[in-house]
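Lifted from TrEMBL, the feature list:
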type: COMPBIAS; residues: 7-23; note: compositional bias 'Basic and acidic residues'
type: REGION; residues: 1-23; note: region 'Disordered'
type: TRANSMEM; residues: 32-52; note: transmembrane segment
type: TRANSMEM; residues: 72-98; note: transmembrane segment
type: TRANSMEM; residues: 142-161; note: transmembrane segment
type: TRANSMEM; residues: 181-203; note: transmembrane segment
Amino acid sequence: MSSGASEKTEKPTAQRLEKEGRKGKSFNSRDLVAAGVLWLGLPAIALLGSLAPLAQLYVDIVRGGFAMTPTAAALAALKGLLLALAPVLLAAGVGVVLCSLAMSRGRIATEAIRFDLNKLNPINGFKNLFSARVLKDLLRTVLYLLCCGLFAWLALGIWGTDLFSQVQASDAQLAGVWRHVALMFGLGLLLAMAPVYLLAGLLDHFLFIREMKMEKHEVKRERKDNEIKPEIKQRRQQVSEELSAQVQADTRGSTVVLANPTHIAIGIFLMDDNMPLPFVAVRERGARARKVIALAEAHGVPVVRDIALARAIYFSTRRYRFVHNRSIEPVMQIVRWLRDVERAGKPDRDTDAAPPDPSD
């Protein structure tokens, strides 16, 4: 079988879609985005849109005796236009963002900014003239024209009589009627075109999946990489939890091990009691911390369970570094307390009993 697109018969995997999504190649349908903008924009025009800021501008000009300079009038008109369009533009922007995030499933194209010289290749452009997307766009355009024409004919029969019978109506009545008819016409047109843009979205998704199809050996390779045997995963976890020979040696050589009470283990080494420079020889948490505590107890290294001090040293000091200044005095108080216990001739090293409070 020849190599190329004919071999790509397998559906894209989630990993492939995630990788291509970071490059900007995610599912995107302009018809669905445009429909989302219109569905949010039309209600925003009807409920939030107002030309009152522009009308107020003319009122201010008349009240000022037309003394406003052209520059001030232009700035005021621009401000009024922005105030009138702001709700509609905000609704349209929200529609674009929501539709784009829904179609891309929240994937952010972090690698999409790149130069592709193939886009400038005239041969590729000529090939695109006969692609499936061109046929899809042609069919979509014809269906849009048919739907719009049929709906316009139907709308003329529904609202034509009401519009042409308002010849003697007042300005307020005309404004109300036209506002209602315009809103109904816009919503009705969106409903009439719904089958077309939904069908266009399905075709876009079908073409996107066809472009993302993979070869069989690519799918097998991804499955092989992702589907690791449970015993291999368990062995990897065991290896990560095992203590290295250096950690074991540092634990046995520690002056004291601070625990929290089983989740954090800090091995403190002090070379000289008269020189307050406690050194962090061991720094572990989780299952490795429990192994450190068990190893220290097995080799007679004092284990002091001081939650606050152990957490403070763990989050402020790295391994093979001296203890932070604010923790030196509490550590030295614990060391002096241990030395007093040793001098008193107490062989029992069960230090679960609380040592003296450093704040005393």
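Positions of Cβ are set from backbone N, Cα and C atoms, glycine also.
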Exercise. Using DSSP, how many residues in the compositional bias 'Basic and acidic residues' (7-23) fall into helix, strand and coil?
Worked result: 10 helix, 1 strand, 6 coil
Exercise. So what's near the transmembrane segment (32-52) in sequence-distant terms, Cβ-Cβ under 8 Å and 6+ beyond its ends?
Worked result: 84-85, 87-88, 90-92, 94-96, 98-100, 103, 179, 183, 186-187, 190, 193-194, 197-198, 200-201, 204
